[in-house]
Amino acid sequence: MSGNVLKVQLRSEHGIAPTKGSVYAAGYDIYASADYVIPAMGQGMVPTDISFTVPEGTYGRIAPRSGLAVKHGIQTGAGVVDRDYTGEVKIILFNHSQKDFEIKRGDRVAQLILEKIVDDAEVVVVESLEDSQRGAGGFGSTGK
């Protein structure tokens with residue numbers, strides 16, 4: 001086993017440990033621990049009944065499942081799981097469709113992606129930043 005260990009606590013009999021859908025999958029699927037309904041044009045926090053500790057030097061990013069977005073208009077809200085968070089992980093979902101979205105216990109509702117972090121960057125306040133080719137262009141400015 002490598003030094004990278006994702007420690008998972010199942011908080012009830014309904015919690016399901018994250019799994020990878022394929023050998024090369026970037027993320028681990030996260031499962032709903034209960035039936036839940038996200039109302040049309042609404043939002044909700046889906047229970048998972050799991051807690052986890054990510055490997056040292058990483059954080060867990062809760063990311064959307066592309067199939068939910070394309071097929072049902074479901075988006076995943078912001079989710080950053082720090083290494084020292086030990087509570088239940090819940091998944092924030094937004095329903096952008098005109099009909100209620102039903103989740104069944106055991107459905108995959110998001111994915112967990114482990115990302116490396118730089119935790120020792122020094123913050124230095126400066127008078128100005130160096131010029132770059134891009135400059136202050138943002139929000140699609142490079143795709144002209």
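The backbone N, Cα and C atoms fix where each Cβ goes, and this holds for glycine too.
Taken verbatim from Swiss-Prot:
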BINDING   S66, G79, D82, Y85, K90, R134, F139, G140  dUMP binding site
Counting across all protein chains, other CB atoms within 10 angstroms of the CB of G79 (dUMP binding site) number 17
Counting every protein chain shown, other Cβ atoms within 10 Å of the Cβ of Y85 (dUMP binding site) number 15
Per DSSP (three-state), D82 (dUMP binding site) is coil
Out of S66, D82, K90, the listed binding-site residues, fewest other Cβ atoms within 10 Å surround the Cβ of S66
